[in-house]
Amino acid sequence: MTKPSSAHPRPSPPTAPPTTPTPAPKRSFRWPLRGIVANVAVFLILGYIFLAAFGSFLVPYGPNDVSAGPRLSSPSADHWLGTDALGRDQFSRIIAAARPALLSATYAVLFALLIGTAIGIAAGFLGRLWDGVLSRIVDLLFAIPEYLLAILVLAVMGSGLINASLAIGIVTIPRFARIARGSTIEIAQRAFVDAARLCGRGRLWIVFRHILPNIASPLVIMTAINLSTAEGAYAALSFLGFGVRPPDADYGSMISSSQQYLLTDPWVVAFPSIAFVVLVLAFNLLGDVLRDRLDPHTRTAAGA
Amino acid sequence: MTGKQTLPEASEDLRDVVLDVHDAVKYFRTRRTSLRGERAQVHAVDGISVRLRAGRTLGLVGESGCGKSTLGRLITGLDTPTSGSVQVGAELRDVTAGAGGRVQAVFQDPASALDPRMNVRASVAEALGGVGKAEREQRVDDAFAAVGLPRELGSRYPHQLSGGQQQRVCIARALIARPDLILLDEAVSSLDASLQAQVLDLLERLQRETGTAYVFISHDLRAVRQVSHSMAVMYLGQIVEEAPADAFDRGLLHPYAVALRSTEPGIFQGEEGIERVVLRGEPPSAVNPPPGCRFAPRCPIADDGCVQVAPELAEVSTGHRVRCHKPGELTLTRAVHADSATSGAADLGGEL
């Protein structure tokens with residue numbers, strides 16, 4: 001009651017920002033996250049971010065260095081996770097692949113979030129003809145099989161990290177657009193939107209000050225869930241050869257180039273697969289945790 | 001259109017008039033039920049004319065679905081009329097939502113009228129778009145003081161306030177732009193009885209201080225009557241009776257208004273014994289309103305003429321207009337006398 005600034009309807013973000021400039025040194029730092037799952041997810045993701053940022057200083061060998069060791073050697077003291085068919089150090093390559101993995105998922109989801117939310121809000125808020133046209137476009141996008149559409153985009157634009165992310169982003173747009181549209185329609189009929197209109201506020205003010213803050217929760221949940229989906233999609237495209245250019249490391253391409261050794265030297269497939277699955281799992285857990293925290297009703301199986 | 005100019009008040013002077021609704025009509029098209037089917041129209045508001053002067057309150061009552069909320073949206077400019085005009089302000093300009101904040105509204109549910117993600121101070125300041133920061137802060141402080149809210153509550157969010165406090169915040173937001181007219185759309189219906197009285201007192205005091213005109217929409221006759229200078233009773237998109245407050249107390253003339261009034265227990269002292277006129281059935285569909293008097297199908301005193309010919313809104317005394325072929329034939333009667341003098345009326349009530 002006496003401290004209104006901390007009494008805020010939004011759950012605190014993972015890293016608590018100091019909202020008050022006043023020095024409050026008495027209180028020791030408190031880890032803001034409760035629950036094992038939440039902590040594991042955040043810990044894993046932070047770990048991958050760390051590897052993506054500083055991995056190049058940690059790797060014992062150059063990730064593309066073909067003379068790092070003998071071909072297809074088993075895990076050993078020299079090569080902790082063995083070497084691949086060209087004698088490259090698997091441990092170094094797995095660390096190097098963290099960066100494109102994280103970047104692709106982030107780019108794709110940010111792109112979809114931005115465009116999808118804009119389309120969804122426009123459709124939901126402007127209504128009528130806008131809603132009809134935009135919703136039909138989104139339906140159309142939804143109707144095309146995702147990978148087919150992504151590969152089509154890549155065939156036109158060429159492969160590479162940015163293009164693959166963009167392709168995944170495009171096929172992810174409808175999910176964000178639908179969530180944003182539905183939430184916008186629900187918020188736009190509330191009386192405070194009418195009150196804002198009577199106060200002489202324009203559409204842009206209403207969208208940015210009233211609609212967006214109120215539809216943020218489902219969008220954040222969608223973002224977390226789609227990070228894992230996008231990560232999986234990027235690995236699949238990379239497996240098919242649309243990811244980063246060889247010889248740079250990528251989980252998908254590492255799996256695809258080693259699959260012929262699956263029966264004789266299983267670790268060359270196993271280790272990049274494990275690294276990939278753990279990352280996707282971490283994103284999934286984060287999405288679940290956020291949904292539990294932000295959406296107490298869990299009324300929509302978002303993304304389904 | 002020109003034919004309607006014969007309405008008695010058309011010749012009156014427009015001094016102090018801040019709301020002039022002229023023959024406003026609002027139809028909503030229903031959804032098509034089949035591909036070839038015609039789209040029917042809901043006659044939500046069907047030819048309403050009212051005027052309101054500064055510092056006065058018009059009470060608007062009627063049952064659910066009679067179009068009173070649609071009329072409210074027309075008055076605020078949140079919807080535009082299908083035909084007719086709604087003019088507001090001292091200059092009587094056509095209303096558009098938000099133009100200078102000349103018309104404000106207080107809605108039924110304060111919890112939904114306040115943005116849950118915005119602190120209430122920011123909500124109140126919303127109408128002060130082009131106002132400088134220092135003046136804005138001052139005026140928000142003043143508005144908080146005017147509605148009796150402690151300044152410290154400003155940094156709270158709506159869910160941290162009680163219902164009464166939330167409604168005060170809404171009133172502060174409506175007042176702060178110094179509007180000509182405030183629409184009170186069921187503004188006290190969601191509050192409990194003691195809070196209702198508080199908020200109504202607050203609204204009356206603020207009106208005396210600021211001279212703002214109110215349009216008070218409600219299905220709760222008692223709350224409306226307490227603050228209104230004149231009353232209008234709506235039925236199926238039309239005003240059936242409009243009366244100054246004292247005439248409303250003294251004698252209502254339209255059977256529907258009488259029925260509505262008779263079901264409200266004890267608006268005034270010594271009224272407890274009023275015979276209730278209980279209406280049977282539902283109001284007719286607003287998609288195809290009956291050709292004659294719209295109230296005829298439920299009216300206890302209707303005859304063949306009522307069913308065939310639609311009555312006009314006619315003035316019976318100054319400011320008292322009624323839309324009925326037989327005004328005054330059904331009146332409020334005391335139950336204590338029902339056994340003798342007014343048994344006929346009681347029988348009519350029974351056979352509905």
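Using the three backbone atoms N, Cα and C, a Cβ is placed for every residue, glycine included.
Given the structure is predicted, the values throughout are model-derived calculations rather than measurements.
The annotation region 'Disordered' is assigned in TrEMBL to A:1-25.
Annotation source TrEMBL lists compositional bias 'Pro residues' at A:10-24.
Among the features that TrEMBL reports, transmembrane segment is placed at A:36-61 (among others).
Marked as domain 'ABC transmembrane type-1' by TrEMBL: A:98-287.
Annotation source TrEMBL lists transmembrane segment at A:101-127 (among others). Among residues of the same chain six or more beyond the transmembrane segment (A:101-127), those with a C-beta under 8 A of the stretch's C-beta atoms are 48-49, 52, 134-135, 137-138, 161-162, 164-166, 168-170, 172-185, 188, 203, 206-207, 211-212, 215, 219, 222-223, 226-228, 230-231, 233-235, 243, 250-251, 276, 279, 283.
Among residues of the same chain six or more beyond the transmembrane segment (A:147-173), those with a C-beta under 8 A of the stretch's C-beta atoms are 100, 103-105, 107-112, 115-116, 119, 138, 141, 226, 229-230, 233-234, 236-238, 240-245. The transmembrane segment annotation in TrEMBL covers A:147-173 (among others).
Annotated transmembrane segment per TrEMBL: A:267-286 (among others), in sequence order.
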Long-range environment of the transmembrane segment (A:267-286) - Cβ separation under 8 angstroms, sequence gap at least 6:
37-38, 40-42, 44-45, 48, 72, 74-75, 81-82, 84-85, 90, 93-94, 97-98, 101-102, 105, 224-225, 227-228, 231-232, 235, 251-252, 254-255, 258-259, 261
